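Q: Before I ask anything, let me first share the structure, which is written out below as structure tokens.
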Amino acid sequence: MKEIVIASNNQGKINDFKVIFPDYHVIGISELILDFDVEETGSTFEENAILKSEAAAKALNKTVIADDSGLEVFALNGEPGIYSARYAGENKSDEANIEKLLNKLGNTTDRRAQFVCVISMSGPDMETKVFKGTVSGEIADGKYGENGFGYDPIFYVPKLDRTMAQLSKEQKGQISHRRNAINLLEAYLAGDQNV
């Protein structure tokens with residue numbers, strides 16, 4: 001079985017990759033390097049993904065995939081953006097992040113939002129490649145559903161009439177921002193150099 005190393009300690013992301021790549025042995029970097037942590041000093045999802053994949057590829061001397069992803073709310077000028085995981089502060093819970101977002105959004109009628117995922121692939125003998133996927137939706141007025149992680153309970157997908165947290169892992173795996181970025185990665189790996 002082929003192996004994919006994910007430069008992330010976020011078990012939710014690793015689980016997403018496992019669902020999307022069922023024919024691969026998906027390994028989180030913490031299984032290979034204890035305490036692997038890269039400071040996300042970039043100002044964009046792309047910069048942060050590249051920082052992680054290049055650092056991990058150098059440390060392991062093998063090809064590694066990293067992603068940086070988050071939620072952008074149009075009425076909040078793209079917040080929480082690259083700060084999605086720590087929107088309410090360092091070491092805060094998903095619940096605290098959601099609460100801050102809903103409070104900040106208040107009764108705003110423009111609830112349009114998008115999840116963004118940028119995947120970068122780096123290796124010892126290759127130029128880093130970057131793939132971006134998005135999924136559009138709206139911020140719900142409260143939390144709905146029990147599945148997923150992060151902002152999934154408040155991210156409503158109109159075409160499915162569900163939040164991401166109301167979808168099964170398999171359903172989410174077919175439409176997510178990560179899935180859309182991975183589609184581009186897979187096309188590249190299959191030889192489509194125009195991706």
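Cβ atoms are placed via backbone N, Cα and C, with glycine included.
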Q: Can you match one of Ser53, Ser69 to the substrate site that Swiss-Prot gives for Ser8, Asn9, Asn10, Gln11, Gly12, Lys13, Phe149, Gly150, Tyr151, Asp152, Lys172, His177, Arg178?
A: Ser69
Q: Please identify which of Ser8, Asn10, Ser69 has the densest Cβ environment, defined as other Cβ atoms within 10 Å, among these binding-site residues.
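A: Ranked by Cβ atoms within 10 Å, first place goes to Ser69.
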Q: Which ones, of the binding-site residues Ser8, Asn10, Gly12, have a Cα no more than 10 Å from the Cα of Asp68 (Mg(2+) binding site)?
A: Ser8
